[in-house]
Amino acid sequence: MSLSHRRSENKTSLPLSALFKDLLAPIFRRHRLRLLVGLTALIAVDFLQLMIPRILKHGVDALTAGSASPGLLLRLGAAIVAIAVFVVVLRFFWRTLIIGFSRYLERTLRNRIFNRILVMDQPFFEKHSTGDIMAHGSNDLAAVQMACGMGLVAAVDALVMSCAATGFMLHIDMRLTLLALAPMPILAVSTRLLSGRLHHRFNTVQEYFSGLTEFARSTLVSLKLSKAYTLEEIQTREFDRLGRRYASANIRVAAIQGVLWPAATLIGNIGLLVILLFGGTAVIRQELTMGDFVAFVTYLQMLIWPMMAVGWVANLLQRGATALRRIHRLVSAEPLLLDQPSGGSAPPDGPVFAIRNLSFSYPAAQSSQLAGVSFAADREMIGIAGRTGSGKSTLCRLLVRLYPVADGAILLHGRDVNRLSLAEVRDRIAYVSQEPVLFSDTIANNIAFGVDRADPAEIEQAARDAAIDEEIRQFSKGYKTMIGERGVLLSGGQKQRLALARALICRRPILVIDDGLSAVDTATESHIIEALRRRLAGKTVFIVSNRIKLLAMTDRILLFDQGRLLHDAPHDALLQRSDFYQAMYRKQLQEGTEDRRDA
């Protein structure tokens, strides 16, 4: 395990206080004035509500004593109405300020997650599925937002209301208060016991949601394949299974919540029963006035919400704590491919690329994908060929710095890429991957994706060099055609050529094409290679392919087998030296002859 991953695991084991300090404390400090005003308004609402029983006490006592007058009752009623108006206004303020703060917090954390994702390297995405990352950005963020919004409100509200109401109750009758609150420890103990289970079950819910999201995403992406193999029924059954699993996990969470809420209500009703028995007796014995009795009952009813809030707040905080740990695990992850500060603009020294004894294996692989590879590449067009799994694509990913170089060295103009910033390397390289990545946007915007500003003439020239301009013009909207998600409107060859046009418009000195012309017919392929020679004269081009016709047009060919570089020679020389290359040549020559005969 790498040091970076060990650092990440150590961070995820931090206590909740440390997670709060790392993720939430800076946001709370930034909005402390907003929170202070909001909490002040919330506390003011609580104390205003606590005044109403005192007003009721005076009214009831006056009515009982026969000293009430219409003017007194009108004044008491007006006071209650005035309090209600102030409560409405202040409640609007605290909701706007505190709940608004929780939305700012959610946005800040979402930006932090997104920014972290952008700096992570390829090994991270091999470990974390898209569904898992999306769950972090939806369910987990919603749980933290609720905990820091309504959870904070409920906690402060319950604390202030319970303490103040208890104080007023003690002022009225200490013995009756102690009897009414006697069941409270039962609620505290039951909440403590159930909160651990709630934490575990909510974590399971989030994991199942990640799996469900990832399955839905992968199914939508591969919908054509599912239809081609008539897998709709199988996919439906699997989606139903994952949905049932997710629903069952939520039901298990709801079962615990269903215990906490009724328990709080039950304890509140027990308190009312105690007041009715003992308080009613005290009124009969004239040890307690009717006004005090009404006020006491009102205060106890006000305590029912804090008692119920204990379970609700515990639920929100447990969900929030679980989600916060999952978010922290994501945002504290360190890339294996660590960036370096810019090394400045040193003059080029040596060939464009010099590969020295390069070896590489993927983290989960049992064997090496590259072993002791050494060669140099200057301003030329180089073909890369070999059997499936021989390390061709791995070499391309290392050249464009998608993975760290740990064993051996890659020198760019004489400088070790490990000592250059990622931007210094990647800004010089245009990359066309095996699977074209296209966006649900116009054709023009897909081509111009890699540049800040692109002139329409530049876009069209790049498309012509990629041999796709004529086909684009056949669409009714031409370059303004929306191609759908992942380029669903385009064929495989069109997707590859669109991705190539995107790389060409960047005008970078190095171009790496990782089998990016495999779905293109040979005639179009020849046109593209000739265009590349004209457009990229004096630049470095790597083309991964096993098509002999394409390889023959390159300056030299790197032939790989089982991660080792077997030959580094032009096409004619390879025909003399390599049995594998000869066999590949004869096979494709025969296939070409048969195709012409069939035509």
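Each residue, glycine too, has its Cβ placed from N, Cα and C.
Listed in TrEMBL for this protein:
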DOMAIN    36-319  domain 'ABC transmembrane type-1'
DOMAIN    353-587  domain 'ABC transporter'
TRANSMEM  33-52  transmembrane segment
TRANSMEM  72-94  transmembrane segment
TRANSMEM  147-170  transmembrane segment
TRANSMEM  176-194  transmembrane segment
TRANSMEM  259-284  transmembrane segment
TRANSMEM  296-317  transmembrane segment
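When averaged over the domain 'ABC transporter' (353-587), pLDDT in the model lands at 89. Taking every listed stretch (33-52, 72-94, 147-170, 176-194, 259-284) in turn, the largest tally of C-beta pairs under 8 A with the transmembrane segment (296-317) is reached by 147-170. Sequence-distant contacts of the transmembrane segment (72-94), counting only residues of its own chain at least 6 positions beyond either end whose CB sits under 8 Å from a CB of the stretch, comprise 37-39, 41-42, 44-45, 48-49, 51-52, 55, 58-59, 62, 153.
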